[in-house]
Structure formats: structure tokens, C-alpha cells
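Asker: Annotations per Swiss-Prot:
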REGION    1-55  region 'Disordered'
COMPBIAS  13-24  compositional bias 'Basic and acidic residues'
COMPBIAS  25-44  compositional bias 'Polar residues'
COMPBIAS  46-55  compositional bias 'Basic and acidic residues'
TRANSMEM  87-107  transmembrane segment
TRANSMEM  112-132  transmembrane segment
TRANSMEM  157-177  transmembrane segment
TRANSMEM  179-199  transmembrane segment
TRANSMEM  205-225  transmembrane segment
TRANSMEM  228-248  transmembrane segment
TRANSMEM  262-282  transmembrane segment
TRANSMEM  299-319  transmembrane segment
TRANSMEM  329-349  transmembrane segment
TRANSMEM  352-372  transmembrane segment
Amino acid sequence: MSSKLTVNAHYSPLKDEDPLDHIDSQTALDSMETDSTGKSSLYFSKSDDPLSKDIEDGISTRKLEEMSVLEANAKEPDSENAPVSRLTIFFAVSSQIVFAILVTILNKQALNIINAPLLMLSFQMAFTSLMVKMYWRFSSVHFQTLRLASAIQLKKFIFVKILGIVSKTYCLAFVPVSFYQISRGLLLPFTILLSFVLLKQKTRLFPFGGCLLVMLGFGFGVRFESHVAPIGIILGVWSSFTTAIESVAVKHYVHEYPTLDLIYIFSALMSVFCLLLSVASLELLHTVQEVVGMQAIKFFIVLILSSLSNFYLNIATFTQIKVTSPVTYMISVSARSILQTLLAVAFLGETLYGNRIYGVILILVGTLLYTLAKEHERRVASA
């Protein structure tokens with residue numbers, strides 16, 4: 001007598017459940033079906049043959065055990081959706097503000113000692129890639145998943161990141177920190193423009209009013225500025241444009257690839273690129289010939305501190321974006337800009353002129369209005 005066991009199943013993952021978390025065997029996938037209520041069930045054809053019945057009972061028992069594991073995992077709270085404590089948010093926001101200010105102030109101080117932006121970037125990026133590599137070496141949770149050979153598929157990401165960071169650094173080299181926020185004041189308008197052109201995202205009237213206020217702050221700050229060379233303002237506008245391209249273009253890569261892998265590959269390649277460019281432009285040669293003694297020691301010490309701050313800034317920024325809302329993030333950016341301007345006056349001996357004060361205020365108020373308006377639109381749309 002012959003008998004036939006029929007297993008009819010299709011697996012559909014539960015809501016908010018990653019199917020990869022529960023794939024233990026191919027048999028487990030081939031023997032489950034999800035009904036309209038979202039509960040898994042098994043279907044077997046009946047047979048009078050004792051051997052078939054024994055096989056059927058054995059398979060059923062194993063499947064029921066696997067299903068119990070699935071249901072238990074489904075009932076577990078999602079750690080990503082769990083409420084974040086206020087203490088965590090406070091440390092994330094405060095750390096991002098502190099390290100961002102440190103990076104800007106220390107970079108400007110290093111450039112005041114030795115005007116070698118490419119050499120500085122090369123060292124910082126090499127330091128960052130080394131720190132990420134050491135973290136992977138001693139971590140039991142995170143491991144490297146992408147190799148440097150993957151750079152070919154990340155060429156657009158690497159290009160826009162290098163372009164954006166080099167532009168920002170050269171802008172900082174030609175303008176004082178107290179004017180840095182104003183010189184890059186067109187970042188928000190450029191981002192809105194590129195989002196419309198590339199992503200077809202439209203901006204309503206109220207958020208656009210905040211954008212107009214930002215443009216007014218930029219125009220007011222630049223129009224009455226007589227202490228900054230035109231090249232600094234031009235680099236500020238160019239830096240705003242390249243940063244806007246960066247913010248719009250890299251979203252795809254951030255969601256598709258692990259963050260640490262992107263940081264490592266980008267930092268390693270940018271370090272080599274900036275070093276080669278420093279050699280080709282004779283920046284490295286002039287630095288070696290002209291810098292000696294205590295000047296070189298001071299530059300190296302500041303460079304170490306800025307590189308360490310830059311590494312922690314990457315971690316703090318990603319953490320803040322993860323645990324806070326866009327409104328909280330933009331408010332922290334505004335607070336950082338004000339503190340950064342005041343610290344530039346206190347520690348770098350810069351002068352805060354009237355046009356810079358009004359320009360920064362208009363840019364920050366416009367940015368906050370735009371952010372609050374967009375957040376209101378988001379809540380209305382999701383209601």
C-alpha cells in the first residue's frame with residue numbers, strides 16, 4: 001500500500017517581523033501558512049497508513065514547536081519602537097552639540113596655525129577609518145560587511161561626500177567662525193530646490209516663508225560684511241550647494257548599507273585622495289618646508305584633538321538622528337550655531353559685528369520656522 005503526505009504551505013511574515021530572524025530551516029518555511037487573522041496554521045492530508053501517520057505526527061510536533069517560537073518572538077516588544085528615555089535624548093543632543101562645536105573650533109585653530117586644509121582632512125579621515133577598524137576588531141556585536149573593493153558601487157556616495165567636506169573645510173579656511181554660519185546660509189534654500197528638482201518634493205507656502213527668511217538673513221549678513229574676502233563668500237555659497245547635494249543624494253546609501261561600513265570606506269578613500277591632492281598642489285611640500293619647531297607640534301596636537309572629536313561627532317550625530325525628532329535636531333543645530341559663534345569670539349579672538357548678529361538670528365529663526373512648519377504638515381498628514 002502506498003501513501004502520500006501532502007504539505008501545503010505558504011509563509012507570510014507577521015507585521016513588524018523580520019522573516020530573516022526566524023529562518024532556521026527550509027522545512028520551517030515550507031510548512032507554514034498564515035490565515036487572514038495573522039495566525040500560522042498547518043495543513044496535512046490524512047492517511048490511514050501507520051508509517052505516514054507517525055511521520056505526520058513527528059512533523060506536526062516539530063512545526064508546532066517552531067510556531068510557538070515564532071509567536072513568542074512576535075509578542076516581544078520591538079526595541080526600536082520602545083520609548084527613549086529623556087536621559088538618553090539629553091546625552092545624544094548635548095554630545096552632538098559639544099563635538100560639533102569642538103570640530104569647528106579646533107579645525108579653525110589648526111588652520112590658523114598651518115593653512116593646510118587637504119593635509120588636515122587626510123589625517124582626520126585616516127584617524128577615523130583607523131578608529132572604526134579598531135572598533136570592529138574588539139567588538140563582539142558589529143563586524144565589517146563591506147570591503148574597500150565595494151567602493152566602485154559607492155562611487156556616487158564617495159564623490160558627493162568628498163566634495164561636500166572639502167568645500168566646507170576650504171570655506172572655513174577663508175572665513176572666521178563667527179561668519180561661517182552666514183556664509184553657508186543658503187544651505188536650506190539649495191536643499192529645497194534640489195529636493196524639488198531631483199525628488200519632486202514640493203514645499204508649501206508656510207515652510208517656504210521660513211526659507212525666504214533664511215535668504216534674507218544671508219543677504220543681510222553678506223551685504224554689510226567688509227571684513228571677509230569675496231572668495232570666502234563664494235566658497236560659502238558653493239559649500240552650501242555641495243552640502244545640499246550631499247544631503248539629498250546620500251539618503252539612498254544610508255538606508256541601503258551599514259553606517260560604519262560607509263564611514264570606513266569613505267574615510268579611507270578620502271584620506272588617500274586628500275593626501276594625493278595635497279602632494280599634487282604642493283601643499284604638503286610647502287608645509288614641510290615652512291613649518292618647524294613648536295608650530296608643527298601645536299598643529300599636530302590640535303589635529304589629534306580635532307580628529308578624535310570628528311570621530312565621536314559621527315557617532316553622536318547618527319545617535320541623535322535616531323532617538324530625536326527633526327524638530328529637536330534642528331533646535332539643537334540652532335543652539336549649536338549660537339554657541340559656536342560666541343565661542344569663536346571668546347577663544348579665537350574674533351569680532352562679532354552687527355551684520356553677523358542680525359544675519360545669524362534671521363537664518364536661525366527662518367530655519368526653525370521651516371522645520372516647525374514641515375513637522376506640522378507631517379503630523380496632519382499622518383493623522
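Using N, Cα and C of the backbone, Cβ positions are placed for all residues, glycine too.
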Asker: Looking only at the recorded stretches 179-199, 299-319, 329-349, which one has the largest tally of CB-CB distances under 8 Å to the transmembrane segment (87-107)?
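Answerer: Checked against 179-199, 299-319, 329-349; highest Cβ contact count belongs to 299-319.
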Asker: Is the number of Cβ-Cβ pairs under 8 Å between the transmembrane segment (352-372) and the transmembrane segment (205-225) three or more, considering only pairs separated by 6 or more positions?
Answerer: yes
Asker: Are there residues at least 6 beyond the ends of the transmembrane segment (329-349) whose Cβ is under 8 Å from a Cβ of it, and what are they?
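Answerer: Same-chain contacts beyond the ends: 93, 96-97, 100-101, 104-105, 108-109, 112, 176-178, 180-181, 320-321, 356, 360, 363-364, 367-368, 371.
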Asker: How about the transmembrane segment (157-177) and the transmembrane segment (228-248): at least 3 CB pairs under 8 Å, pairs 6 or more apart in sequence, or not?
Answerer: yes
Asker: Give residue numbers and ranges for long-range contacts of the transmembrane segment (262-282): same chain, 6 or more residues beyond its ends, CB-CB under 8 A.
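Answerer: Residues 116, 118-119, 121-123, 125-126, 128-129, 132-133, 144, 146, 148, 150-151, 154, 157-158, 161-162, 165-166, 253-254, 314.
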Asker: Which sequence positions outside the transmembrane segment (299-319), separated from its termini by at least 6 residues, show Cβ-Cβ distances below 8 Å to it?
Answerer: 92, 95-96, 99-100, 102-103, 106-107, 109-110, 113-114, 120, 123-124, 127-128, 131, 259, 263, 291
